[in-house]
Each structure stands twice: as C-alpha cells, then as structure tokens.
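Working notes, structure below.
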Amino acid sequence: MLYREKYTEICPDFHLYTRVWIPDPDEVWRSAEIIKDYKEGDKSLQLKLEDETLYEYPIDPPGSELPFLRNPDILVGQNDLTGLSYLHEPAVLHNLKVRFLESNHIYTYCGIVLVAINPFEQLPIYGQDVIYAYSGQNMGDMDPHIFAVAEEAYRQMARDEKNQSIIVSGESGAGKTVSAKYAMRFFATVGGSASETNIEAKVLASSPIMEAFGNAKTTRNDNSSRFGKYIQIGFDKRYHIIGANMRTYLLEKSRVVFQAEDERNYHIFYQLCASSSLPEFKDLGLTCAEDFFYTSQGGDMSIDGVDDADDFEKTRHAFTLLGVKESHQMTIFRIIAAILHLGNLKIQGERDGEVCSVSSEDEHLSSFCSLLGVEHSQMQHWLCHRKLVTTAETYVKSMSLHQVVNARNALAKLIYAQLFNWIVQHVNQALHTTVKQHSFIGVLDIYGFETFEVNSFEQFCINYANEKLQQQFNSHVFKLEQEEYMKEEIPWTLIDFYDNQPCIDLIEAKLGILDLLDEECKMPKGTDQNWAQKLYDRHSASQHFQKPRMSNTSFIVLHFADKVEYQSEGFLEKNRDTVYEEQINILKASQYQMVADLFQEDKDAVPATPGAKRTPRINVRSAKPAFKAANKEHRKTVGHQFRNSLQLLMETLNATSPHYVRCIKPNDEKIPFKFDPKRAVQQLRACGVLETIRISAAGFPSRWSYPDFFNRYSVLMNKRDLSKSDTKQICQTLLKDLIKDPDKFQFGRTKIFFRAGQVAYLEKLRADKFRAATIMIQKTVRGWLQRARYQRLRRATLALQRHTRGHLARRLFQHLRRTRAAIILQKQYRMLRMRRAFLRVRSATLTIQITSFHPCHGQGHLPLCHVAPSPVQFGLRHFQGSRDSQRFSGKPALRIEARSAQHLKKLNIGMENKVVQLQRKVDEQNKENKLLNEQLSMLTSAHSSEVEKLKKELQQYQQTQQGDGKQLLSLQEEMEQLRMELERAHSEREVLEDSHGKERDLLRKRICDLEEENALLKQEKEELNSRILCQSEDEFARNTVEENMQMKKELEEERSRYQNLVKEYASLEQRYDNLRDEITIFKQQTPGHRRNPSNQSSLESDSNNPSICTSEIGDTEDVIQQVEEIGMEKAAMDMTLFLKLQKRVRELELERKKLQAQLEKKEQESKKSQVNEIKTEVTSEHEDFAYNSLKRQELESENKKLKNDLNELRKAIADHATQNNSSNDVQDGYNLLLNQLKLANEELEVRKEEVLILRSQIMKAAQQKETGKNMESISPNASWPNSDRHVDQEDAIEAYQGMCETNRKTEDWGYLNEDGELGLAYQGLKQVARLLEAQLQDQRREHEEEMEALKNQVDLMQEELEKQQQAFLQTLQLSPEVQVEFGLQQEITRLTNENLDLKELLEKLEKNEKKLKKQLKIYMKKVQDFEASQTKVPVERRSHERSMQVAVQRKEKDFQGMLEYYKEDEPLLIRNLITDLKPQAVSATVPCLPAYILYMCIRHADYINDDQKVHSLLTSTINGVKKVLKKHQDDFEMTSFWLANTCRLLHCLKQYSGEECFMTQNTAKQNEHCLKNFDLTEYRQVLGHLSIQIYQQLINIAEGILQPMIVSAVLENESIQGLSIVKLVGYRKYSSNAGDSSYSLDEMIRQLNTFHSIMCDQGLDPEIIQQVFKQLFYMINAIALNNLLLRKDVCSWSTGMQLRFNISQLEEWLHGKNLQQSGAAQTLEPLIQAAQLLQLKKKTSEDAEAICSLCTSLTTQQIVKILNLYTPVNEFEERVTVAFIRNIQKQLQERNDPPQLLLDFKHMFPVLFPFNPSAITMDSIHLPASLNLDFLNKV
C-alpha cells in the first residue's frame, strides 16, 4: 500500500472546500470536495462530487484511511511527477491524464524515468529539426521527450566517459520498439559516423529486418516485438558511431506453429506470401496466406493500414544495405517457404493414431524437401519415426499422431529459430567495425510485465526478466536518492522500499522453480503434473508462491507488479525444446550450404547471444555477488540459456549508467488519445513508476534551489528580511517562521528539501497572501472609485447649486431693478403731472390776479412787468428769505474770520505768488510769439516764391495745350481713314468667308463620306484582327507567363541546389584536407621516406573549376601522392567522388545554359510573334515607310557632311586664332559666319518645303502607277494605308487639295526638271540642309543633356529629401539619447559623403592640373623654339640651351593603374598580400585594397599578354584565400575581410571585362582600364564559388557565436524590470551539467553591432550585409520559436510580454542600422505572433477568430502546441480549455500548413552577389609601405 498523507500531517484544521481523491470502480479515482469540516473522531466525511452529487465517505475506524489530498490546480500538468506536492497514485494518474488528453503530451518525467504513453497516432515530433532542438540541451530544460533521454545519455557518456544504457520496457502495444527506434535515430543523427561507411544508416536499416522476423500482430499490438533485444552502439574517441552489436533474448518460437484468435504469425510469412507472384519467387510454390496452416490459425490475415508487399520490399532493401548477398536472401526466403509447406503436411494416422505416415506424393513434402535440399525419402521416414538407443541395441519406433505433430512443430520452430539467429549474426557482422571502441550506449527493448488469462512458459520467463530489471531499477533509484542527499549534506535515514529478492530467489535459487523444471526435464517420464506437485511440496511456505484452490496443475507467483497464475501444461516441452536428432542430421546434409550451416553445433557460442565473439568483451562485474547455480550438470535447456543470458545482461547494465523509459498503453482498442484509467494504473504499478514515487515520497520529494524558492515565495517575506543580501539566510529564516516542524524540510548546500505536502502548504500561504493583497487592492480601488464618484457627484451638486443660486440672484436683481425703475418712472410721472397742475394753477392764478387787480391791463395801459407782486409772491419770497437766514445763521465765525486783517494778509501773500507766476507765463508766451512770427515770415516768403513758379508753369502748360489740340485733330483724321479701311476689309472678309464656307461644306461632305468608308474598313480590319488575336494571343500570353514563372522558380531552386552542392563540395574538400593532414602527421611519426611539402600540388585549389584544373600537371601529381599516402582504394573513392562532383557541376552549368537559352528563345518567339503582327500592319504602310527611310538616309548622310564641314570650320577658326593672336578678328569672322548661317537657314526652310513637295509628288505619281497595275488583284477586304491613324480635319482638307492638284499635274511632270533646275536646286539645298541639321542636332543634344542633368539633380534631391524625411520620422520615434546618437551618426555619414565628393573633386582638379602642366610645357617649348629661332647665339651656348631644354621637356609618366612584378616574386606577393595579411594592416586605407592590387597585377599580365602569369596568379590567389580561411575557421573578422575582397575582385573582373552590360556605370578613365586580351569568365565562376563558400563559413561562424545566446537573451532575459519570469513549481534540471552561462539581450545586440561594424569597416557590399543579417535573424527566430514550442515553463503571459519587448529591441536595432529593406524583420514574424498569442485572451469564440486572423505566420500545429503548453504562473490565471483548442483547430482546418512542427534553423537562404561597380579608378590607388610590396612596379 502506498504512503498516504493524512490530514493531521498537513494541517490540523480540515476546513471547508478541501479537495480529495476517493476510490471509484470505473475511473479508479474520483475528485470530491469537503462540504463539512472534519473533526477527529468523525466516522465519515461529507463530500460533494464534481457532478454536484453528495457523497458520504465512511472512515472506519475513525482517524484512519483518510482519502488522498488533491494538488492545487497550478501543479496539475507538471512535466515531472516528482514536482507534485502530494505524491500518490491518484495524483500521478490525474497528472498523466491531463497532459495526455488536454495537452496531447505523451511524455512525462517521473524522476529519472520517462513515462511514454502510446498515442496510437503518428505525431510530428520526431523530425530532424526536433533532434537538433534537443541536441546540446540539459534534461529538464525542454519538454519531456525520448530525445531528451538520449541526449542525456550521450552527454554523460562524453562527460563522464562511462558507458550508458537506455532501458525501454512496457507491455505489448505500449510503444517500446518505436521508442527504441527513435533513440537509435537520435544517436545516428547526433553521432554521425566520421567515415564513409554510413554505419548509422545500417543501424537504422536493421530495424525493418528485425521487425519482419521478430514482430507479429497480437490482440494488443499490431507490431508487437516477440523477442527482447539489446543493441550496443559503439563510439570512438570523438564520439562518432563506429559500429553496433545486437543481442536477442527469448524469441517466441511457439508463434511459428500456433497463433491465438485475431493474431498473426511473424510478418515475414505474410510479406513473402503477398509477394509470391514475383518471377523470382515462382519456384517457392507459395500462394496466399489463407492456404497455409501456420499463417491462418488466427483468422485475420491483414492489418489495417499495412501493405505487406511494400514492407517486403523494404525488408529486401534493408538486407541489401546490410550487405547480405542476393543468394543468401533467396535461401532465407526458401527456408521461410519450406516452413509454410511443412505446416501443411498431411499426416495419416493408423491403429487409432498409434502409427502415422506421410504420403510420398504429398506436394507440400516435396516442396519442403526441394526448398531445403534434403532427401525426400529420409525426411518422409523420420518425420513419423524415432530412434531409440539403449545400452544393448538401437531400434526404430513409430510415433503416434500426437507425437508426430509435436515433432513436426518442433522442427519448424527449430528451423525458424536457427534462421533468426543466423540473421542476427549477419546483422552484427554488417555492423561490426575494426576500429577500437571507446564507449557505447546500449538500448534495451525488452518485454514488459505480462499477465493473461492463460499464462505459460513464455510469460513466466518474461516476468522473471522484469523481476530482475525491477530489482536493478529500485537499487539505482535508491542509490540516486542517497547520492543526492549526500551531495547536499542532508542527514540520510534508511527508506523502507520494496525488495523483490525473495521472489527472484523463488525462481532462480537452488531448487527454485527453474531448477526443479530442469530436473523434471531430465526425467524420462517427467510430466507437467509431477513438476507442479514438486513446486507445491517445495515452495508452499514461500510468501511469493501460492497454490490455486481449484487446480492441481497451475501455480501462482506474487510478482512485484501483480500475482500471476501459470498453467504448468507445456512447461516441460517448451523448456526441453526437443527436436529429434535424425531430423537435424537430415538438415545438416542439405545440398544448400547455408541450410547445413544453420544446424552446425557451436560449443563456444551462446545461442541466445549470437555474434558475441565479434564484439569487444566488456570487463564488468555485478554490483552484488553472482548467483550460485545448483551443483548439478545442466543441459542447455531454454530456461538455463535464458537465465545465463539474463545474467550477462544484468552484468552489462550494472556496469553502465542506466536511463529508463516506461511505455504505457492507454487503451486496448488502439484508439488515438483515449485514456483508460484502469489499464493505465495497472501498467503504472507494473512498470515501477509508482515505486519511484513511493521512494521519493518517503524522503524529501520536493526540491527547490535557493534562488527559485526566493523568487517564488519572496511575497511571504517582510521588508526587513528582504533587505539582507544573503538569499540562503533569507530562505532559512522564512521557512523557520512558516513551518514550525523542523522535520518537514531540510537545508542543503544548494537546495531546500521538503516533505510531501509542504510545497502545497506554502502554495496555500502564498495564495492566501495574494488573496489578501488582492482584497486589499480591490478594497482600495473600490474605495477610490467610490470616492472619485462621490467627488464627481459633489462637484456636480455644487455646480448645480451655484448656477441655481446665480440664476435666482439674477432674477431677484432683475426684479429689484425693475421695481426701482418703476418707482422712478412713477415719481417722474407724478412730478410731471403735479408740475403741470401747478403751472396750470399758477397761470390761472396770475391771470386771475391780473384781471382782478389791474383793470387797466385788460385795456392795455400797463405792462406786465410793472404789475405789483401778488400776496402769494410776497409770501413765497418771505419764506425763502427765512430759510436763507436760517442757513447762514450757524456760521458767524466764518464771517468774522473773513473780515480779520490776518486773513487778508494771507490772502495777499497767495495773490502775490500767483501774480509772479502769471508774469513768468506772460514772458514765455511773448518769446514763443516772436519765434512764431519769424517762422510765419519765412513761410510767407516761401509761399510767394512757389506761387510765382506755379504761375510760370501755368503759362507754359497753356502754350503746350494749344499744340496738343492740333495733334489731336490730325490723329482723329487718321482714325477716320483707318476705320474706313477696316470696314472695307470686313466686307472683303465676309465675301471670302462666304466662298470659303461653301467650299468647306463641300469638302466636309467629301470627308464624311471618306470617314464612313474608312470606318467600315477599319471595323472589318478590327474584326479580323480580333478573331486572329483572340485565338492566339491569350493562349500564347498565358503559356508564356506560366513558362516564365516556372522557369524562374526552377532557376531559384537550381540556385539553391547549386549552392548546396558548393557547400557539400566545400565540406568534402575540408574532409579531404583533414585526412591528408592526418596522413602526413602519421607519416612523419613513422620512419621512412618523407615527402617534401614543396612538391605537393594543390588539387583542392582548382577543383571548383573543371575546365581549368583538369589540364594541370599538378592534378596527376596529387592523384599519385594520394595513392601513395592513403592507398589505392581510398584515393579511388575520393577521386571518383571528386570527378562526380565535377561532372555534376558541369551538368548543372549546362542545364543552366539550356534554361537561359530556352528563356531567350521564348522571348525571341514572343518578340517574333509581335513583329509578325506588326508586319501585317506595316505592309499596308510600306510606301510611306519607304519614303521616310529614304528621307532619313539622306538626312543622315547630309548630317555627317555637315559635321565634317563644321569641324573644318572650327579648325580653321582655331588656326586663324593661333596665327593672328587676335581675338577681334576671330570674333568678326565668327559673327560673319553666324550671319551666313542665318541666311542659309532661312533659305533652307524655303528650299526644304519645295523639295518635300516635289518629292511627294514624284512618289505619289509612282504609287498611282503601281496601284493602277495591282488594283485588280487587291481583295475587297484589304485595309487602306494609314486607315487607323487619327487625321485632323484641316490637315485632311489641305492634303486633299494637294492631292487633287498633284493629280492634275502628275500626268506630265517632266516640266519640273527643265534645263536641270531641279538637280541644281537640290544640290544647293543639300549643303544648306546639312548645316541646319547639324545645328539642330547640336542644339537638341545640348538641350537633352541639360534636361537629363536637371532631372538627375531633381531625382537626387528627391531621394535625399525622402531619406531625410525617413530619418526625421525615425528620429522622432526614438528616445532623446538615441536621437542624439542617431543625429551624430547621420551627421558623420553626411560629412563622410561630402568628404568623398571633395576627394573626387580634388582628384579631378589634380588631373586637370597635370594636363595644364603638360600643355604649359608644350607652349613653353614652342616659346623657347620661337626665341631660339629669333635670336642668334653662339653654337656652344645653343647646344647648352638645347641640352637644358631636353631636361625641361621630359614628361612625367602617368600611372596607368597597372602593377608589374616578376614571376619569382609571386609567392612573396601571395604571402604579403594574402597569407600573412592582417585586416588591421589595411584598416586605414581604401576598403578591399588587396583586391584592387591583385586586379592591377592581373591587368598588367593581360597587358603583356602573358596567359601563364594570369593563370598562375589567379590560381595562387584562390589557393591562398582557401588556406587563410582554413587556418582561421572561427575568425569572423578574417572571414568577412576575405569575403569582401573576393567579392570586390569578382566585381573588378566584371567591371573591367569589356562586356557592355558591366560597363554602363564606368567613366571614360575606367574604360581605359579594361582587360584587352583575356576572357576570365571561367575564373569569375570559380571566384563566385569561392564567395559562396566564404559566405557560408561566415554564416556558420556567426551562428556558432550567436546560438548559445539566443534562448537566454530572447526568451529568458528579464529586460522589463518587475516582470519576473517565475519558473514553475517543481521545475528542476536533471542534468548534472551545472554552471551554464546566461546572456542578456544587450550582450547579443552588442555582438550584432560587432558583426555589423566589422563588415562595414571592411567594405562588404551592403546587399551582402543585408543577406547576412536576414540569415542570422532567421536563425534567431527559428531557435527561439523551437525552444518556445518545446518548453512548458516559458509559455505564459509574462513570457509573451517579455518576448515582445525583446523583439522590439531587435527591430529597433535594425532600424538604427538601416537594415529595414533586408527582410530580417520579416523573418521574426512567427516569433512576434507567438508572443502575441501568449498575450491574447483565450476564452470566447471571438478570441479564437482573433487568434486565427492574427497568427498567419504560424502553422496550425504550432498554434495548437503553444495553446497546449500555455501554463498560468499563478492560480489567478485560467488554463486554456480543450473546447477552445478544438475551436481553433476547427477554424484552421482549411489551412494547408506543412506537417512540420519546428522550424529548420539550419535552413540557409540562397545568397546573391549583385554586381556592384567601384567608383575608384586604378591610377588613384596608393600602396602603403606597411604591406612590404616594394617589388611591385607602377606602370
């Protein structure tokens, strides 16, 4: 019973919602949840199942047998089962089920064991790309895989130099054979053989043979291995495969003669029957498998999806590959057919079956004897008889029917077993090697534990072997656990684990089951019942042996996995494996040697281990004392042989480091991805996985490194602890605070060890802390949201209140304002009304007073003003006076003070001051008045003078006005006259317009008729053309386009294949060099004659160019040297390979030329078809074309003459200028010439029109005569000339009038040439036309040149503007620091370009200066000659002056861009310029200086026409470059340097080849530097091959540097602070290879910067740099994406965020280096989409649609794989549901994606080397003294 964690051991409080596992009869284990707290003493647990049903789990007695606890969801789906917190059977089963069904992961680690579940479906996870992805990785870094186990074994073998074993076990149908096959495929790929023997292919080829002869269909598996095998793959010191050896165990021979229902015999029988119709097999006498007894007992003859005939061809091919002769193959198939015929023998019984016989006419007996080459009569006799030998006599006895059948079956089994052993022996011979084996890796593919309804001898042996393997497994696991604890210095306590030694002793000890079986076999009358009775008597007291209650012939053995009941019937017969000696002797006498050899006794060989002699014996000893056999003489029974071979196997395994693979069969129906829990648990118990779990759970199963623990659980620490620097101390302090029981954990040196369940407890604390923090965050956020909402409402309320109060206040103010206004209005109105009333009363009162008191008033005697005041007035005045007196009565003091003297004095003082001030103001005003008067006088004088001037002007104007009046009258008269003339002209114009209108109407009618006729003819022509074109053009165009596309595609494929061939050739050449170096070293070590290295030739150097190299003498010397050094066979092999490659290169070149010729032919045909179509139209216009061509020819001839005349005139002007030295005369002559030219132009225009008119008349007259003759033969459908041209109406009218006029005159045109006037006029005009034509062409040429120059300037300005705009936009997107740096870079590039331009300008000025100096010297010479001729001097002085003149006249030789060297200096040149040259030596010079120097040397050799020198120099150059590259295979700078120089040399050979296609951008000076004598096209091809090799070497070096950085820099680097990528719980590395270095993204970017700066500094072409980074970024994308697809721990949201940031950094780097156009960013698209996929939501169907539309660069398998791998880092994230993944698959099923899961990171894009001419001229190159090239002479 497995160890169970009790609740009391984990947490004392068993609260609500705890999840547990309870037993279930159908699903084995079922999940439930506690719905009521458990207390000690309760008799049951209240649970709720997943389907919401309630369940009461009984606990009796209370406190015991509590259910298993369930792990947290975050731990479910772990890569390693030991990483689970609760380690028990339901946790293991659930984890495997989740990984298998939901994530489709078939591999899972269980400590050191790899659990492999058979998916019953082919998965795309075993390709070469996956092998390369796992190669070099630590076990645990990637997802579990069989390749990870194989890589771990390979690395341990290389690191520890210890042999390894991979033990693959499992029951039939679990996938053992496939797992072993994939492990061997991994070793064959990673450890490929170093020789040409292809041993890895032979190892893989052995699988089809062994499957055909050792596998069969069973009820559990269609391809079940019915034998065990152990394959040892041998490696040398370099860990390359050198050979292999196979040992087999316990072939199931009984299957040859018996098969259960729905089972088959071995595959080879059915394969041979399926191919029996082949001609070579007609002699075998075979038919279909249903006709033979040995193949038809199972009933089902076929397997779904298997073609036996096709598999038979694979088997035969494997035989051939392993070197089995054709005759031996036919003998093998004859033996198989003989076995089938043997099974069909008709045995006739007599005397109730006591006597039997076989008819001599039995056709099957005849076929059996003829196929095996044995005597017919003897075989017929001894099949039914046996020989009995006693001490006294020997006699023959007849056998019963039962005995005859058994003897026949035994013979068939023996023949097949011996044949199987022979095949194994020959397979070992084919895999054998004479090279000393350094180490090996063994792969054990052996049967797993088996239990059936009827278990016999085979199952007993199989289970016995599994008992031994389980014992070895338990001890190894226990040993590893102990080593781990000791390494970590943890106190070790013994763990009680299951030891199956008692069960093994029961089987193999003295008087054990096998010993008793052998004793019973020796008995003459031994039976199975007697043997069973002996077992009951001997072992009834054993704990592992039981007797069944209902049977006396069977027994039960309690194995480690399960108890098995064995039926004893047949044990003795199978153990004896008896075959009568007479039958064997007949087979030994076979006429076929191979049949006879099968039965020859080999005393030294162990039958179960054939081929052991040929394998190196391994000196190993068991870890425990060897088993002591019984002290009896044993015959070689099957049990004895099996025990010995098993003992040898265990010794081998104990001497190696084992690795375990346990294969699980998920269901018996073989349905893909169906999981049967019952069958899975049964196998988990049987294969020892649960035992591993139990051993781990007994100690400390959970192990965390201190950094991982700190990263995971730092949230549980306080700030004070986090401030410490010691991580280990922080972790220890935390655990002591959290877990009070010190026995629950232990602190190791590098890890923390936990008991089972403690990690789950820590996870619970962490989750509680997160939950509390989440609640706090939610509380704070909700409070903040409510507070913000309250503040928003408060602000809104206050605003409303404010506006409301303001509105009310405004309303109140308005009301008060209106009220006040109303009161004021009322007041004013009332006042006005009262005033009016008062005035009325007053006026009435006065009237009354006047009338009453002054009667005279009415009579008019007294005025109103003298009327006495009325009493009313008097009263009013009195009232006002009293008011005034009261007002002034209160101020008596003021009146007194005013009258006082003191007051008067004060007033006087103030008045005096005011008077003084007023006086001053008066004085100032007087002064100003004087000034103003003076100014006024001046203005009046000036005004008077101006008035006088104006008067004078007025008089003059009046005088001129009178003259203007007279002119006005004359002008008016002239206007009248002009008006009269204008009226007259108008009247004439109207008359002319009327006549012109009439004529125009007539002509329009004629034109309309002609247009209608033309339209009809044109329509007919278009219809005909459309009919023809519709039939031909579409098909031709379509075919042409398709052919062009196909040819382009084939050309691209051919280019990639061609470059791959170059790459393969380079590797072969490298291997050849390595072999030659080894041989030379070996020869130097051995005494004897040593060959001088100077005599060695360079076959390798010229191997790329067959047309050049095959004629060299050095090739034959190389061949001779190869034969002498490495032998005839090796040399012949290498030379044949070399010649094959040469032949292949030639074929590819011819094929390429053929393709180009076909392409050109197609283009010519298309052009011809177009020309033919055009010709049909041109024939109708032939006459006009003849006229135009005649005119063009004459104008060209005239143009040439004019040019000649113009040149003669210029020469005359120049001579005249030099003779007279007078610019005035030249100018006068030139002006005169221009005047003459103008006059000639005018005359030419006139004459030109006349000549054209005359010529057109002559041509048209001739045309009319011809058309008159041929009019009858013209078809009515013929098209008119120029009928499809657009004709203007005015032009048509003029042409028609001219045609009518010429028709009238052409009847007799001889009058035009009377007295030869036409010829004279034509000759005269010719000269004028020439001058005009020359002038026009010069002007046109100058104008076109100016326009082109302006257009080029505009284009350059536009390009520069666009670049600046792009740079500006890019700069805006960058950070300020990067903007500054980018601005500096731009400024540096601009200054560099300006510097180069200035250099070029300086060079041009220097050249001009040299020319001017030369001209000056010439002129000086002339001057000196002139002076010498003018003056008379003595002879001596004259001779002295002449000698001086000679010294002065000596010209400086110009450097022509050629370098001369002597032939003997060539090695020195190659050494100084190539072999010993360092890139730093020429870093300050012109880039690619060596290439320019080499070309200048080549050019000189071409100049002197020395072909041997050219050939020798180029050959030495290529050899030197190859030697340098071989010496610096890992030097990126050197490789880049020579790639740049090789490409530049190739460009120079093209640029200066003289071919027009390469000279379009050359200057006139550069054209002078072209090669003159030799065509170096073949050498250009060789240099192209060399460039491809250097490029591939450059890529390999860069990839080797970058590859270790990619995963850690792109996937694991934490560039975003605070976004920590936390590894999953339980994640740990299994490899002991520690200390792996990690790289940051900055380091990788710095490395990319280094690559870029090196290539730029060395002048490598920008196009090649772009291709380099495109290749490197593709590799970054491929490796990072492959790693992502194989790692569960990096498929999370945080990784996606980090990954996207890292990719953006790489994209930013590309933008900064102006590599956007290289396509490198596009290669990162799959990785970008993978990062986005990790970040997207994965819940609804809308999310699925978004994922499908976004991830276009990812395949369906990659998307599904990422979704399956997606793992939440904490419990707050949700897993991707299976339904969502199925929805994705459904939407993506229409895609036609390739089945490959991973990207091929070794894929290399075809490289192109575009032609890039240099602007540098050869004569401007300077040779630095540091190169030591003084022996080169400038020419």
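Glycine is treated like the rest: Cβ placed from N, Cα and C.
Keep in mind that TrEMBL annotations are predicted by a computer and have not been checked by a curator.
What TrEMBL lists as domain 'Myosin N-terminal SH3-like' is 15-67.
What TrEMBL records for 76-767 is domain 'Myosin motor'.
TrEMBL lists GLY170, GLU171, SER172, GLY173, ALA174, GLY175, LYS176, THR177 with the feature ATP binding site. Taking a C-beta cut-off of under 8 Å and a sequence gap of six or more, GLY170 (ATP binding site) has these contacts in its own chain: ALA116, LYS176, GLY448, ARG662, CYS663, ILE664, LYS665, GLN683, CYS687.
If you look up TrEMBL, you'll see 646-668 marked as region 'Actin-binding'. On the 0 to 100 pLDDT scale, the model's mean across the region 'Actin-binding' (646-668) is 89.
If you look up TrEMBL, you'll see 1082-1111 (among others) marked as region 'Disordered'.
Under the heading coiled coil, TrEMBL lists 1138-1254 (among others).
Taken from TrEMBL, the feature region 'Disordered' covers 1264-1284 (among others).
Residues or ranges marked as coiled coil in TrEMBL: 1322-1429 (among others).
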Inset, instruction - Can you tell which of LYS176, THR177 has the least company, meaning the fewest other C-beta atoms within 10 angstroms of its C-beta, among these binding-site residues? - result: THR177
Legend entry - Neighbour count (Cβ, 10 Å) for GLY173 (ATP binding site): 22
Inset, instruction - Could you break down the residues of the domain 'Myosin N-terminal SH3-like' (15-67) into DSSP helix, strand and coil, giving a count for each? - result: 0 helix, 25 strand, 28 coil
Legend entry - Same-chain residues at least 6 apart in sequence whose Cβ lies under 8 Å from SER172 (ATP binding site): THR218, ARG220, ASN221, SER224, SER225, TYR447, GLY448, GLU450, LYS665
Legend entry - ALA174 (ATP binding site), number of other Cβ atoms within 10 Å: 26
Inset, instruction - Tally every other Cβ atom lying within 10 Å of the Cβ atom of GLU171 (ATP binding site). - result: 24
Legend entry - Other same-chain residues whose Cβ falls within 8 Å of the Cβ centroid of GLY170, GLU171, SER172, GLY173, ALA174, GLY175, LYS176, THR177, the recorded ATP site, in sequence order: ASN118, ASN221, SER224, SER225, GLY448, CYS663, LYS665
Legend entry - Secondary structure content, the region 'Actin-binding' (646-668) (per DSSP, counts of residues): 9 helix, 8 strand, 6 coil
Inset, instruction - Output, ordered by sequence, the same-chain residues six or more apart from GLY175 (ATP binding site) with a CB under 8 Å from its CB, or 'none'. - result: ALA116, ASN118, CYS663, LYS665
